[in-house]
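What follows is one structure encoded as structure tokens, with my remarks underneath.
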Amino acid sequence: MEDLLAARWQMAVSLGFHIIFACIGMVMPFFMATSHYQYLKTKKPLYKDLTKAWSKGVAIFFVTGAVSGTVLSFELGLLWPKFMLHAGPIFGMPFSLEGTAFFIEAIALGFFLYGWNRFNPWFHWFTGVVVGLSGLASGILVVAANGWMNSPAGFDYVDGQYLNIDPIAAMFNDAWFTQALHMTLAAFVSTGFAVAGIHAYLMLKGKNVAFHRSAFTIALVFGAVAALLQPISGDISAKDIAVRQPAKLAAMEAHFETAESVPLIIGGIPDVEKKEVNYAIEIPGALSFLAHGDFGAEVIGLDQFPEEDHPPVLITHIAFQIMVGLGMALVGLSLLFLFSKWKKKEWLDAPWFLWLFVLGTPLGFIALEAGWTVTEVGRQPWIIYGILRTKDAVSPIPGIQYSFYLFTAVYLSLAVVVTFLLTRQIGAVPSYPSQDATLSDSSASQTS
Amino acid sequence: MLYVVIVFLILAILMYILLGGADFGAGILELTTPDRMKTKLRKRTYETIGPIWEANHMWLIITIVILFVGFPAVYSLLSIHLHIPLLLMLFGIIGRGTAFVFRHYDAVEDEMQKVYNWIFTYSSFVTPFFLGLIFGAAVGGKIDPHAGDFLGTYIWPWLNGFSIAVGLFTVTICGFLAAVFLVGEAGLEAEKRFLVTRSRAFIVATVGAGGLVFLAAELQNVPLIGLLLNESLTLGILFLASVAMALLWIQLPKAKKAFSRFLAGAVVTAILMAFGYHYFPDMVILQIGENLSVFNSAALGKPIETLAWALLIGSIFILPSLGYLIYSFQREKAGH
Ligand code: HDD
Ligand code: HEM
Ligand code: HEM
């Protein structure tokens, strides 16, 4: 395997792995805080057990997120030393602030996990909320750094020199807001549906139904609200890219020739050689409308860019289709859930209903990975858009493929172990003799 | 503002060695503990570092961020030439962090515990070893940016006696910190006696490994002893560290735990400060005689200024809450 390709793959695998744990680390604290709040209000032990059960899972996910994130902060240099040599001082601002956010998160987590029965209950609750808030803050900050790679700002590029550096302007680059908004929603969607799906499955197995129903509801309320907002935020992103990174938009839509009144292509397999898309459904004028708010508007195609600046069209297009398709499916599930809550309470317990959500378990995360593929592959061949090419940034060390194989093996084993631990955690959830769980106080026997 | 950043860099490294080092040391201690004592030690370790281990490891991330934002030339150069030991250290970090948490949070206790323990103890050894080795390689003067061949560019800079000796020295320091720290937590007399013996063993090992560093430096033409002899301040600090160690040796069984912990921390701080002072302002010493220093490799101007502000503002939030975390759990333990 060629070194550049190996380095790109290693980066992609590491980030693709980290993002799952990062999302869970950002969002689960909010689910826990909700259930914890219910406990403090109603004193039903069910909610306490739920908070604790979740918090054990979160500890496992948190550490995996933390070590994979630590690896990433080294990998940026190990794989892309020439990128970091220039980019470090410019886009470092979010990372240095993120350091604080992580620190607070780690400290608050220490208080939260070890603080049962030790502190004032509301102080303890509050530390859980702080875990979530600082997790969100760090997510937004790293995404701002990624936004800078898509939309470089805060320096003047003169004769290969990076002059007049302004890290604050770099942090507030043109892409940071749209990306941070879309990413934050994505974290809630993917974690919400995944957690709800697991609890739906456990409800179907018929044990501890009251417990799992509470868990299902908390997770899904967050997930469904975010899923409904996601297409709106995605549309803002698309309009933004149409102006900022037209080559990415063209690759997403497999749009080869610049034209007016361009149709939106749904599905299909792009043939890059012939510059056409096979087997696609076309909606006339819709891409012009989505990108510029006008059915007749001109949309720049790949023909406006020299061949060497084209992103890989096939991957970007397919990844985009997957994200949007799944996004729409999740909107459907969300509407179904909210409608049942409002009008058809009996559906909430129906097996077909629960099975739909079981099937929905991985969809959010697949959409999330697909979306990142769009953003990152669609930026190619640039590591800093328009400034530095990925191939000029890669480490000179030979044999990167071996470290790629090793990391992939380590991450695969970690994924297996985490799954294994999670199933064991689920097996250990205390059971309730009756539907209404107030009767038993199983929590007394169980301290962490 | 450059000095603010330098102070934070030194502080972050020091905190990582002291707090993170004690964490690693707990694993190293476990590695060298007879089976019958292991269960108790594990429990002790968990009670002591459980709530704060995650925070302890943030110091490494802070160090890295300061390096790539403030001193990108250093980060980039070390990433290239020390690629391999950095990778090995990362595998250690992954193994250690995950095994530590997994073994506690696994809902079922069975044979898997053995796997976690194995990974935890060995990676507790591997990680500080490579960390030290990387420090040694940075100042060992064997990095050659113009070497044309693979070995000269990517291997010899770190695969040499001096770097290895510094790696071993780091391992012994971690073991020393953990052993002294845990003496203060010991419950029964037997446990305490065991930990005192272990602390003394690690004092011997630390002194031995320290000697090895000087020996290797001599053999490999790393100008350490010659230069040290001309620096009375460095020598003075090292002398004080030795006195403190001797005092610790004698006092350990009787001393208050705060006192022996203070001494152990002071010893390690003194050693680090002595070498820091010795090398200041250089961060990386290259074979060709040029050095990367905190001055010539700093991203001067706005990057350093904003970094300094971010660190200052961050510490307003972090230090009090970290202090409160440690205080809460210490007081809690004292109360029971
Ligand atoms: C649950 C996950 C999820 C779902 C359902 C969607 N997205 Fe998305 N999308 C992401 C998760 C995501 C992401 C992984 O979070 C990305 C990658 C980078 C980013 O900022 O968000 C992303 C990027 C991304 C981009 C590129 C942004 C850039 O490169 O700056 C566009 C144009 C869209 N999305 C558009 C949409 C549309 C129109 C959707 C309609 C349903 C949609 N996304 C659903
Ligand atoms: C969109 C991408 C990313 C998001 C949303 C994200 C978010 C997060 C979150 C929420 C955590 C906390 C851990 C947890 O709660 O499980 C975390 C951990 C971490 N991330 Fe990321 N991250 C992203 C990419 C990166 C990248 C590119 C780097 C490195 C350059 C990085 C470095 C780290 C580090 C060092 C940690 C460990 C902090 C700790 O010990 O708590 N992350 N990340
Ligand atoms: C966590 C969510 C993310 C995922 C899943 C992701 C995914 C990817 C993928 C698939 C690639 C390979 C693209 C290719 O070479 O074709 C890549 C490259 C890269 N990403 Fe990301 N990315 C994420 C976030 C980030 C963030 C937050 C940063 C930096 C702050 C970042 C920095 C990089 C760098 C430096 C490369 C290598 C250079 C390049 O290929 O352009 N990524 N990422």
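Numbers here mean position along the shown chain, with the first residue as 1.
The backbone N, Cα and C atoms fix where each Cβ goes, glycine too.
Now, the feature entries from TrEMBL:
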type	residues	note
TRANSMEM	A:12-37	transmembrane segment
TRANSMEM	A:58-80	transmembrane segment
TRANSMEM	A:100-116	transmembrane segment
TRANSMEM	A:123-145	transmembrane segment
TRANSMEM	A:180-202	transmembrane segment
TRANSMEM	A:214-232	transmembrane segment
TRANSMEM	A:318-340	transmembrane segment
TRANSMEM	A:352-372	transmembrane segment
TRANSMEM	A:402-422	transmembrane segment
For the transmembrane segment (A:352-372): best-contacting stretch of A:12-37, A:180-202, A:214-232, A:318-340, by Cβ pairs under 8 Å: A:180-202
Using a Cβ cut-off under 8 Å, which residues of the same chain at least 6 positions beyond either end of the transmembrane segment (A:58-80) come close to it? 7, 10-11, 14-15, 17-18, 21-22, 24-25, 28-29, 32, 95, 102, 106, 109, 113, 383, 393-395, 400, 403, 407, 411, 414, 418, 421-422, 425
Under 8 Å Cβ-Cβ from the transmembrane segment (A:12-37), and at least six residues away from its ends along the same chain, one finds 47-48, 50-51, 54-55, 57-58, 61-62, 64-65, 68-69, 71-72, 75, 105, 112, 125, 128-129, 131-132, 135-136, 138-139, 184, 186-188, 190-192, 195, 214-215, 218-219, 222, 365, 368-369, 372-373, 376, 404, 407-408, 411, 414-415
